[in-house]
Amino acid sequence: MVKYTSLKRKEETFGWKLISPTLILIGFLILYPVLYNIYLSFFKVSLNFGEKNTFVGIQNYLNVLSDLSFWKSFGTTVAFTLITVMGSILLGLGVALLMNKKFPGRSIVRGLLLFPYVTPLIAIVFSWKYVFLPIDGPLVQFLSIFGFNSGTDMINDPNNAFIVVSIFNIWRNFPFVYLMILSRLQSISDDYYEAAELDGASSWQKFLNITLPELYFVIGSIALLRGIWNFYKFDEVYLMSKFANTLPIYIYEKAFSGLPQQGVAASIATILFVVMFSLIGFYVKKVLKW
Amino acid sequence: MVKKKSFIRTFFFWFLIVLLVTFVIYPFLWMVSVSFRYDTDAFDKGLIPKRPTLNAYEELLGLKKSIREELSNEDKQLLDLVKNMPEEQKKKVLEKIYSKRKKNSFPFLRFFKNSLLLAGISALISVIISIFGAYAFSRIEFSGRSYIQRGVLLVYLFGGTILAVPLYQIFVKMGMTNSGIKGMLSLFVIYIVQTLPVSLYMLGNYFRTIPETIEEAAIIDGCSRLKVIYKIIIPLSLPAIVTVFIYAFMIGWNEYLFASIFIRPYPEFHTLPIGLNEIFNSEHAIWTKMMAASVLTAVPVIILFMTMEKYLAGGLTTGGVKE
């Protein structure tokens, strides 16, 4: 018995040893910065080395919350998240249903479908910009065949940039959704469908009454993950168009360009974080029913 | 009747497939097409280049000097000019001219090398650290394990957007922002941490699929746990480890936000995302070269992924995935 417990203790310390590098790194570079961010949000942060930060209380928050441009980009971020999450899930679901059928050349198509997701962002951004060029761009030329001749700059116009960035995000991320849904689809037993066929169910009824309920949780979880990621999405938006004005870009510009106001940026990040946390809590309870 | 319906269905099905494939590869087609053109043909209509050329690639890879360099025969003229100057002055003038010329060039290979180094080493370290962590998660029972597991998941909630300001402040306080090398070091550490959670989850899930009896036999034969990891776990899960490495590599290869914060002021240390974006926004942007650079940035990664596709799809869906 004594030997057993000492063995167990040995295992336990060994386990802790194995995990400790991870814990130290994550603690120091993720958890601590999150707390430090909250701390910074109450200060006017100095950028000169050795100069102290000045405590300003909730002034940063008051400034942000009374700033109209903050609310505007907040709205943009929410819209961007909703559109891209719904768009990528609808497209991903459709594609997964298509790819669940056997057809000649399926493996090639499947390989191609991963392209948008695995291609380095910086490589693909330029070809999107080229495709959307306002005067000579292939898309504009193509659309003009059908009589659409807008000639507007879709990317560098704050009114449209949002649309292009949303389409781009859906294009880039639907393969992830499709992969997750497909792997769940393939694990649904054929028996259900055979039974339903015997009862004379149409394809649509089968989809509605068997497939969708089986996919409920996987879709719910994907929506959560994609929601979190797209709410924070910086690089895909910023590199496509600086004019899309979502909150992460707003934070970045406040913190690192012009006259940096890092305290203000920290308070925006904190607000973003609190909103995110409460939305996730609500979602996990109501939608995923955990 | 049945046959006709199925014909329409088949037609509709293939129509959807064609539509989907077009939607997916349209930008890629243009990327490749423009990269094989001369600068003056960049806006020619039609996907297929009328005068295909490797010009852009040759210039990027340094196989061919750019036209300007070739025509002006600059080096020779330069040396003739400064021949009679005093040594000190000569050196200064040359330095000035060379640095200016460097500014005008498109140092693709340097970006590529920096990215390779940064993404490669940080992914390697991340994988090594997480092999041990994942083993602890999947095999060893210790108190607090489930809390830690959930805690690591929490990292999903802290995107780079929230960490940018505090991390910058922390590294400023440590004096890590005043040179390119230090900026690079900061990025190494940040990329390791950014990729750790994914690596941990993907590997942990894979380790659980390895039958425990193999290890038990080894332990009875006198293997220590550490030896079990080296001799059994690592060889058996090599495909998973390679997949995780590629995934972690990709995160570093793609990263823009932190790179722009820490190394933007130091052109010698620019990675592909930051370097290419800076060039795109300068007057040296030439569409053919940008596209050729894009192809060269994408091809290695796409090949890696395609060879690992089978494992990747599994890893994506069974493990936690982080971007």
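Each position is counted from 1, following the chain as shown.
Heads up, the Cβ atoms here are built off N, Cα and C, so glycines get one too.
Database features (TrEMBL):
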type: TRANSMEM; residues: B:12-32; note: transmembrane segment
type: DOMAIN; residues: B:112-308; note: domain 'ABC transmembrane type-1'
type: TRANSMEM; residues: B:116-138; note: transmembrane segment
type: TRANSMEM; residues: B:150-171; note: transmembrane segment
type: TRANSMEM; residues: B:183-207; note: transmembrane segment
type: TRANSMEM; residues: B:228-250; note: transmembrane segment
type: TRANSMEM; residues: B:286-306; note: transmembrane segment
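Each of B:116-138, B:150-171, B:286-306 was scored by its Cβ pairs under 8 Å to the transmembrane segment (B:228-250), and the highest score goes to B:116-138. Among B:12-32, B:116-138, B:150-171, B:183-207, B:12-32 has the largest number of CB pairs under 8 A with the transmembrane segment (B:286-306).
Remote same-chain residues near the transmembrane segment (B:12-32) are listed as 47, 291, 294-295, 298 (criterion: CB distance under 8 Å, separation of at least six residues from the stretch ends).
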